[in-house]
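Undergrad: My questions all concern the structure below.
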Amino acid sequence: MFRTMMRAKLHRATVTEANLNYVGSITIDEDLMDAVNIVENEKVQIVNNNNGARLETYVIKGERGSGVVCLNGAAARLVQPGDKVIIICYGLVAEENIHKQEPKIAVLDDNNQIIEMLGAEKAGTIL
């Protein structure tokens, strides 16, 4: 059996743009993608901390070092520049590997720079 497990997360990213007329997806600074091992065209879930909206889309590489987090297409209706979002990527893990799998979590500042890397979350942690 396989389970769907959280394998990567960009925590408290700041939306830099919302582009309604783009084809679709989310554009993410490639440095941030690399930090948590998210690849172009991979499916992600986005949770908007400001309004509670949740959506799924795929990733497009953004310029390295730019800090870009841009929601494109229909997703642009669910965010505003400045909103705080959590970008989560899941993967299928075989039952025998459940306890060996450790996610990569990057906690970001207001400029989408990594301030901390976590390997796991602990209950009651407030960031």
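Just so it is clear, glycine is given a Cβ too, placed from its N, Cα and C backbone atoms.
Feature table excerpt (Swiss-Prot):
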type: ACT_SITE; residues: S25; note: active site, schiff-base intermediate with substrate
type: ACT_SITE; residues: Y58; note: active site, proton donor
type: BINDING; residues: T57, G73, A74, A75; note: substrate binding site
type: MOD_RES; residues: S25; note: pyruvic acid (Ser)
Undergrad: Count the other Cβ atoms sitting within 10 Å of the Cβ of T57 (substrate binding site), across every protein chain shown.
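TA: For T57 (substrate binding site), the count of other Cβ atoms within 10 Å is 18.
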Undergrad: Using the recorded substrate site (T57, G73, A74, A75) as reference, state which further residues of the same chain have their Cβ within 8 Å of the centre of those residues' Cβ atoms, listed in sequence order.
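TA: The surrounding set, listed in chain order, is G24, S25, I26, L55, L71, N72, A76, R77, L78.
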Undergrad: May I ask which residues of the same chain, at least 6 positions away in sequence, place their Cβ under 8 angstroms from the Cβ of A74 (substrate binding site)?
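TA: Within the chain, A74 (substrate binding site) has Cβ neighbours under 8 Å at L20, G24.
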Undergrad: Counting across all protein chains shown, how many other Cβ atoms sit within 10 Å of the Cβ of G73 (substrate binding site)?
TA: 16
Undergrad: State the count of C-beta atoms found within 10 angstroms of the C-beta of the residue listed as 'active site, proton donor', not counting that atom itself.
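TA: I get 12 for this one.
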Undergrad: Quick one: pull the CA-CA distance for the residue listed as 'active site, proton donor' versus S25 (active site, schiff-base intermediate with substrate), whole Å only.
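TA: If we compare the Cα positions of the residue listed as 'active site, proton donor' and S25 (active site, schiff-base intermediate with substrate), the gap is 5 Å.
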Undergrad: Within 10 Å of each Cβ, count the other Cβ atoms and name the one among the recorded positions S25, A75 with the highest count.
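TA: When each Cβ's neighbours within 10 Å are tallied, A75 tops the list.
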Undergrad: Checking the spread of the substrate site as listed (T57, G73, A74, A75): what is the longest Cα-Cα distance, in whole Å?
TA: 10
